[in-house]
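*Asks:* A single structure is presented below for examination.
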């Protein structure tokens, strides 16, 4: 397995990139301590209505093209192949905080709301949750905020962004019109498959959301990675990691027919998490170095404080 040093060298190959986090940390901020990192008001803060603009955002062209590639190429057979490749977890061995640091080099091409590196967004989300849910009984929720996008690291190891980022959807059944850019789905070969194109496809009603084969990306990778490495987050936390990008379900109301026992509770938590994932993207910049000790303590508590297999 490649050590973290090797992974960093791979990331630095090619054109030199200036670390966005270093620029952020050198700039003055009104975040005086760990909790204040989530309370400062950022200039140009968006209203809720301005998020998830897939019509005329400044990043529209690159976002639409990323989704076009995703919707054309993400078939049931493609996903089977990606799972076989990535779920060996033989790409690197490093700590979660090392992995987050590598995300300094990634800007999500599917996101119309921010051009910040994903490392910053992870801490923004975690701190917004921590501010609203401060009790120790919710420290697992804080940790989910930090972890939820770490799976995007696969984009730094050669996975194209259309197979690493963006909204997710199930394969093996008919595509919903709640999928973003739904007109693109007719270009997917599964839309003409004799089974996969039918309403329920390979599934049965009330089979349970965990039975669905989801499109491949950072959600699926990170969910499986946490389970592989013995993470002890509660079921609601793991559901947030796996389904936070499943907008057709948790926001669009599609695929409800597949929900089984216990899924109502998981959906409730995924919906709660969603507003923190989405609306933290215009928050004040977090004091990353000051926050690391707290989040390391949570990583230790939930069984993933040391080196993990990626």
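Glycine is treated like the rest: Cβ placed from N, Cα and C.
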*Asks:* Please state which member of 77, 277, 287 TrEMBL lists alongside 121, 148, 149, 218, 244 for binding Fe cation.
*Replies:* 277
*Asks:* I'm trying to understand the geometry here, so how far is the Cα atom of residue 149 (Fe cation binding site) from the Cα atom of residue 167 (substrate binding site), in Å to the nearest whole number?
*Replies:* 12
*Asks:* For residue 244 (Fe cation binding site), what residues in its own chain, 6 or more apart in sequence, show a Cβ-Cβ distance under 8 Å?
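*Replies:* Looking at Cβ-Cβ distances below 8 Å from residue 244 (Fe cation binding site), excluding near sequence neighbours, one finds 148, 219, 250, 270, 273, 274, 277.
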*Asks:* Where the distance is taken from Cα to Cα, which of the binding-site residues 109, 152, 167 turns out closest to residue 121 (Fe cation binding site)?
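*Replies:* Closest by Cα: 152.
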*Asks:* Return the residues near residue 152 (substrate binding site), defined as same-chain residues 6+ apart in sequence whose C-beta is under 8 angstroms from its C-beta, sorted by sequence, else 'none'.
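*Replies:* Result: 103, 106, 108, 118, 164, 165, 218.
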*Asks:* Which residues of the same chain, at least 6 positions away in sequence, have a Cβ lying under 8 Å from the Cβ of residue 167 (substrate binding site)?
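*Replies:* Correct list: 67, 110, 179, 180, 245, 246, 247, 248.
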